[in-house]
Each structure stands twice: as C-alpha cells, then as structure tokens.
Amino acid sequence: MEAPQSEVSLLQAVPHNHWQHGESLREHGMGNLTQLSPQNIALTLRPGQKVRFPISVLQAEDYPVDLYYLMDLSLSMHNDLHTIRDLGPVLADQMAKLTSNFRLGFGSFVDKLVSPFINVAERYQQNPCAEGRVFRNCPPTFAYNHILSLTADTEHFRQELMKQKVSANRDSPEGGFDAMLQAAVCVEQLGWRKEATHLLLMATDASSHLPLDGRIAGLLQPHDGRCHLNSENLYSATDKLDYPSLGLLGEKFSENNINLIFAITDKVAEMYKVYSDLIPGATVGILADDSSNIIKLIVEAYNKIRSKVELEALEQPEDISLMFTALCGDGQLQPGQRFCHNVKLGETVSFEVEVEAKGCAEHGRSRNFMIKPLGMTEALHISLRVDCGCSCLAEAQDNSSECSNAGTLECGVCRCNPSHIGPTCECPQKSALSAGHDACREGEGKPVCSRRGDCICGTCVCHTSEYGNFNGNFCECDDFSCDNFQGKICSGHGSCQCGICKCDANWTGEICNCSQNEAACLATDGTVCSKRGKCVCGRCICDEGSHGNTCDKCPSCTDICSAQRDCVECKLFNAGPLASGQECEMRCSGTITVVDNIDSSIEQLCTYKDDDGCVMHFALFESPEGYLNITALQNKECTEGPKVLPVVLAVTSTVLGLGLLALLIWKLLVSLHDRREVARFIQEQGKACWEAETNPIYKGTVSTFTNVAYASSNSKQ
C-alpha cells in the first residue's frame, strides 16, 4: 500500500534587495530590484490534503511613479480646469519628496457621441453650448481624448492644460468608465512603464454611466476590454460598444497593475465609495468644488496606496481553494487576511498561503495561476497538478492469486473480473446469484442484509450512506442513528455503535453530554461545590439554602466563625449571649489560647464587632489530631466614640450666631434704605416753588349791579 502526499517544490526564490533614496536608477537599475519572493513554485496536490508555503513582499523605497490625470471636461468642471492649469510643476515638487522618478500624463472625457447622451442636431455638432446661458461657445463633445503621454516634462503638461476647454453633454452622468478602461489598456499609447507604480486619477463631480445604459442608444454589444484609440488619440468605439462593467475595469486594472484614485466631489462620494469596494486597490478622495485641494489629495492617496500590501490571485482554478494568513509589522498572525496596513517604505511583510484541491476534475493535467501584490508587476507563478492516482497502478498484477486468480491486484486491492465478485473475487457471480439468501437474514422473514447491503456468497457487504456507515453481520447497525446534542452525534464526546452512544473517558449519560470533570465545580477554597452540593455533569447542584455556581452563597448557613464567636466573647470578655449563668461552661468546653499575633496564613481568621462597637479577633485551626483549636487576641480594638455634647453645643452656637448676624445685617440694610428715602423726600420738598393764585370758587363780599332800565331813562332826559 502507498499513500502519496502533497508536495511543494521551490523553483525560483531570488531574495529581496532594494536601494536607498536617491540611488535607484543611477547606481542599481530597475532590473536588480526584487520585491516579491519566491517567484516560481510547483505544487502537487492530493485531494483533501493541504499544503502551505510562505510569500514575502518588500515595499521598496524610491520606486518610480507614473501618474495619469484623467479629467471630466463637462461644463460643470470649468472652475476645476482653471484651478489645475498650474498643477504640473507644483505636483512634481511634492512628488519629488516621495520619489526621484516621477512622470505625469493627461487625458479628458465627456460622454458617448450618440443620442440621447448628446444633442445630435446639426447646429450642436460643432458647438454643443449653442443655447447655453453662461457658456455659448465650446468645442465639440468627445468621449475620451488622450492628450499627453506620461512624461517627466511638467512644463509640457502645463502647456497642454492651458489649451483645454470644457465641452457639454445632455445628462448628468458622464462617460468616465469608457475613459478609465482606455487609460488602463492602451499601455503603449499612454506610455505606462513596466517597472513603476501606476496611478490613474479620475477627477469628476458627477456619476458615471454603467453597463446597459448604452442600450438606450441602441448599443447592444458589451465592451470587449480592448484599446480603441484612433490616430488622433480619440476613443473610436464610442458608438459601437456599451459602457464597461466594474468587473471588467477591475480585471484590466489588475492585469496592468494600475492603482485607481477617484477624486470626486462630496455629492457623489457615497456612490464612488461603493465602486471602490468593487475594484481592487481603488481609493476615494473628496475633491473641493474647484479642485483646489488636488495636490493634497494625490499625495494622501499615494501614501495610502504605498502603505498597504494586498495579495490577489489571478486565474485561480475553481476547484482549488486558497487561505491566506498575514504576518504584518506588529508581529501578530492574522488568519484569513491577505493584506497589511501601515507598511513602511523598506519594510518586508509576510504571508502564508494554504492550498487545497477540492476534487479530481483536472486529474494529472498541469495548470498555472499567479499570486501577486496589487499594483505591483512582480508575481509568484504557480504550476499546479492534482494527483488522484497512485504509482502502484502501473504495477498491477492480472489474475493474481491473492484475488482468487479471478481479478487484478491494484495497490493491494482486488479489482474482480466481470465473472466474479467478493473482496478477493472468491465468489463466482452465477453461484452467488443462485445461492439462497437465508445466511444473510437476521431471522426468518427479516429482509436480506436489513435492506442495507448486498448478500454476496452468503455474506452481507454493507452499503455506505451520506450520513455514515452501516455495519454488523446483517448490516443491522450504523454509526449515525444515535441522538445528537447541539448538532453533534453523542454530543461529540463518544461514538455511535448500533444506536447506542459509547462515551469517551470522563463523559457519561445516554448521549455522552455529562462531564465527570469537577474542575468547574471547585470553589475558591478548593472544595467541590463549597461542600454544600454535588457536582453533576460539570455543574453544582446545591443543597437547600445555598446557591451560586459553586454553592458559595448561603445566607442561612452558619459558618465556623459565627459558631465560635459567642464562646470567645463569654470566656475572654464575659460578654455576649452566653455570659450569664452556667451556659458558657456547658456549651464552650474547648480551650481558648490567648496570643499576641495571629498567623492568618495557616489559620482561619475571624473578625467581629460587638455591641459596644469594639472589634475582637480570633482564629481557628484544626490540630493534627482533628480537634478545633481557638487562638484569640487578649484585647479588643475599641475606638473612642465621638463627644456628642461639645459637637451639639458647637453646632447650636454656630447656627444662633449665624442667625443673629443675618438679623443685624438685615436691620442695617433696612435702616440705610429708610435714611436714603427720608433724605430724598426732604430734598424734593425744598425744591418746591408755589405761586399766588385766587381760588376760582371764592366770591368777594361786595358786588355791584347796574340797572339797565334806569340808565335808559336818564339818557332821554
């Protein structure tokens, strides 16, 4: 017999090497850099057997950086375009602090050149802003325009930006996904370097059209994931292909080692955060309304990308499972984690990869897949072969004597000829079928092999079930029909034998769910259930009056200290309930030893306060002969009580004094107030000035009247 094992063969493992800041290309050259080790391994897997191998990744210092700035040039981005026109030199200065080898490129996008995404009327073809209120003239709409290939000439970048103008489309979503895919797959046109960190920054203030949106315009063909730039560096398949999917974008970014940065405004931030979760290695930065924070956003996104190492598997076979365990800078193993955060430049992190074959779908055929860090060009190439056979198959013996000369012996097992059956091909098939089955019945009238097996040459060959195995002379037993507890047969602490649980050591019960281990029943003093109960199935069953996990709580129990307290009080201090009469001598026959100090480490220390407030100390311990001995301190600890009378007098005096003081202050304030009021009254009285007047109701004592008639007669005379 043989049992082949899974194997890991190391084919190439160049160790890490890196350079210090400022000496990368000048002194070493890109070809000498190794960030990933090993580089090539071969796996031979047996189904169900797991193999493990390590991967280490170095985050190299001063690694070259290619940044392609992809900008939405629809009308709403007018202010942003004005802000970033001087971006090149400033960004180069900032990136020079992080790498000595930095290149910059630029491209722009608006939307597809088909209705209803743009207005296709003739007068809008050359000027889509013809009826605009703010912008009345703008260049024709375009889907994606690659403007400047990656270059270290930041002045050229600035000059190209100065030439750009915004254009227009009809709806709010833009064609950003079309442009992102072209920027990723048109490697030669854009000038992505193989040995560099690739950053694609997509700046927009609007959402992007998704796949199937193109069907509105009659574009039924899904995107093919290829480069479609014409001689003028314009996207030429805008009227032929639908918008690409997030899955296709993620696939192409991984293939070309591109790290995506979404620079978006706050109003669409939540949407792009969802997109970034679906695209490996993507990050999101919140862009100010005029893009004034773009430099800060780029530097922060770059630092975030460079501080994280995450592994991905490319072309992983479906019948192969991978399990990652990360060992990051903190030295802690993280099972199930394939990434490390806060990785410093020059630091190496490690991963352990566990591989398992789930079956033999591709038995013997060699297959290949890769594991690589996101955004890096280096990868671990894995050659895989699943071996489901044995080498002993090539040494098979036809008509072997061990197979009754009626079968082939393969790897110690007989493969019978069609005319024979049985473990050693000992039974001709004709005689087996013609022979009676009584020998395979448990009793008269019972089914053959309990309907759980086949009767072959008078012997039951039991079947197997998805739940377990049948066994017994008549296949009458099985190993899965016992009761289960918490989803496990025989509680997981025994084996099922013909419907009865056979428990493991230290387990009892019909379903082996009762533990005989008393560790959980031990109280803090080391006793089982505090001597107030029994330990049953790993739990204390407490006596009446006690409770708690270890029966340690018992309000009605009299402890050993309480039982001896009255005797100590009456014998030493002639106090307590037993002090009167002969009761003390009758009930307290033991001897109490007076000591100066009590050793609490070997004795049970007891402390009580009597009715006078004094504290007495005594201790109990068991002698070797089994007698209870009592030792006690001669004197009680009594503290002098508070002097009540002085305290009462002091408090009373203080209260009266404060009352009198308050009364005096009130009287003083009232007097001052009255004095001010009187003075003001006198002052106002002195200012009063009275004039002489006649009382209007007064009449004088003399009144003069003229007789009008008398006056007239006099005048006639």
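Including glycine, each Cβ sits where the backbone N, Cα and C put it.
In the disulfide annotation of TrEMBL, C542 is paired with C551 out of the candidates C535, C537, C551.
Listed disulfide-bonded residues near C514 (disulfide bond): C537 (candidates C340, C537, C606; Cα-Cα distance within 10 Å). Of the candidate disulfide-bonded residues, C129, C138, C496, C588, the one lying closest to C457 (disulfide bond) when CA atoms are compared is C496. Around the Cβ of C129 (disulfide bond), the number of neighbouring Cβ atoms within 10 Å comes to 18.
Checking each of the disulfide-bonded residues C328, C360, C490, C501, C606 against C477 (disulfide bond) by C-alpha distance, the shortest gap belongs to C501.
Using a 10 angstroms CA-CA radius around C512 (disulfide bond), the disulfide-bonded residues that qualify from C227, C490, C584, C588 are C490. With respect to C227 (disulfide bond), the closest of these disulfide-bonded residues in Cα terms is C328, chosen from C328, C496, C521, C537, C584.
Among the disulfide-bonded residues C392, C490, C503, C584, C614, the residue whose Cα lies closest in space to that of C340 (disulfide bond) is C490. DSSP classifies C138 (disulfide bond) as coil under the three-state reduction. Taking C537, C584, C588, C614 as the disulfide-bonded residues under consideration, the smallest Cα distance to C186 (disulfide bond) is found for C537.
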